[in-house]
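Marked as Fe cation binding site by Swiss-Prot: His113, His117, Asp306. Positions annotated as substrate binding site by Swiss-Prot, on the basis of sequence analysis: Leu135, Val136, Ser137, Gly138, Gly139, Asp169, Gly182, Asp186, Asn278. Annotation comment: Swiss-Prot describes 326-344 as compositional bias 'Polar residues'. Annotation source Swiss-Prot lists region 'Disordered' at 325-344.
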Amino acid sequence: MIVLGIESSCDETGVGVVKLDGEGNLEILADSVASSMQEHARFGGVVPEIASRAHLESMVPVMREALRQAGVDRPDAVAATVGPGLAGALLVGASAAKAYAAAWGVPFYAVNHLGGHVAVANLEGETLPHAVALLVSGGHTQLLEVDAVGLPMKELGSTLDDAAGEAYDKVSRLLGLGYPGGPIIDKLARRGNPEAIAFPRGLMKKSDSRHDFSFSGLKTSVARYVEAAERNGEVISVEDVCASFQEAVCDVLTFKAVRACRDVGAKVLLLGGGVAANSRLRELAQERCDKADIELRVPRFNLCTDNGVMIAALAAQRIHEGAQESPISVGTDPSLSVETPQVF
């Protein structure tokens, strides 16, 4: 069975194609993505209207490229992200998916974007046991308890202010490094000293929430450090600032992720979202999981950021388990919860 997935929740227009065999195994046939990232760069973040227009312009070319890569004229099913995400962006992808499904005469499946990140993190793994997922991106920082791919997940904790990826973008802008901040800071951090500056770790006291996150204090601390240096006429090491900031973020993320695994008795940690491509996060997560006897499952780099493969993969796994197709009337939901069925 050939399943095509469309992703358009933010600034990437993604179309992925997977092949599902009778045993439930998946093979990636196509992964086509167009990003409007550079169009948002001068604004320092994603502008919803620009993102929606970019999806409209990119959808057909990206679809054609995905079908070319897959070597198929049409799939056996079409899936699309219907939430959470930017309202206009979601409408473009979901509407396109419904139109293609109707034109091809194949079933349509509505997919939860966050469930897609979990599914792709387990794409190359064995059957998923009880697990915890750490989803980290520009819009989300969440710890989720996962019993099975595609089923409702329980939120154990989330950020109380900035998402981790958002903090990267804001610190990058503060340092004059550009957008998006994640890859830039990660690259510079490799040349810096992560212990040079003692930036704070939010919500790490015993009295604090065990599974929630906070990055606004860290962001403010970086700003004050830079302002103080400029006021005193000191030359700062941008590399050291990046390394120390990144260490603080990754320290908190991995510490709380492993703690969550222990608290719920999970032996697998799934890492997903755009920030999952961060080299230090992957390294520290592996170190701490090894010490805690927890298996870490991380998607390949190109599948960390938003893509259509993860949507196709989640739909395919649920189809294999007998999921019914979605009504063509199903709407989009920018605030869709993880605690709902992931394909509906």
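Think of each number as a place in line: the chain as shown, counted from 1.
For all residues, glycine too, the Cβ spot is worked out from N, Cα and C.
Small disclaimer: the values here were computed from a predicted structure and weren't measured.
Compared over the binding-site residues His113, His117, Gly139, Gly182, the count of CB atoms lying within 10 A of a residue's CB peaks at His117.
Sequence-distant neighbours of the region 'Disordered' (325-344) (same chain, 6+ residues past either end, Cβ-Cβ under 8 Å): 77, 79, 82-87, 90-91, 94, 98, 101-102, 107-116, 118-119, 142, 144, 149-155, 314-315, 318. Counting every protein chain shown, the Cβ of Asp306 (Fe cation binding site) has 27 other Cβ atoms within 10 Å. In the three-state DSSP scheme, Leu135 (substrate binding site) is classed as strand.
Considering other CB atoms within 10 Å as the measure, the emptiest surroundings among the binding-site residues Ser137, Asn278 are those of Ser137. With helix defined as DSSP H, G or I and strand as E or B, the region 'Disordered' (325-344) counts 0 helix, 1 strand, 19 coil. Of all the binding-site residues in the list Leu135, Ser137, Gly139, Gly182, Asn278, the shortest Cα-Cα distance to Asp306 (Fe cation binding site) is found for Ser137.
Listed in sequence order, the binding-site residues near His117 (Fe cation binding site) (C-alpha within 10 Å of its C-alpha) are Leu135, out of Leu135, Gly139, Gly182, Asn278. On a Cα basis, Leu135 (substrate binding site) lies 11 Å away from His113 (Fe cation binding site). Taking all protein chains in view, 28 other C-beta atoms sit within 10 angstroms of the C-beta of Leu135 (substrate binding site).
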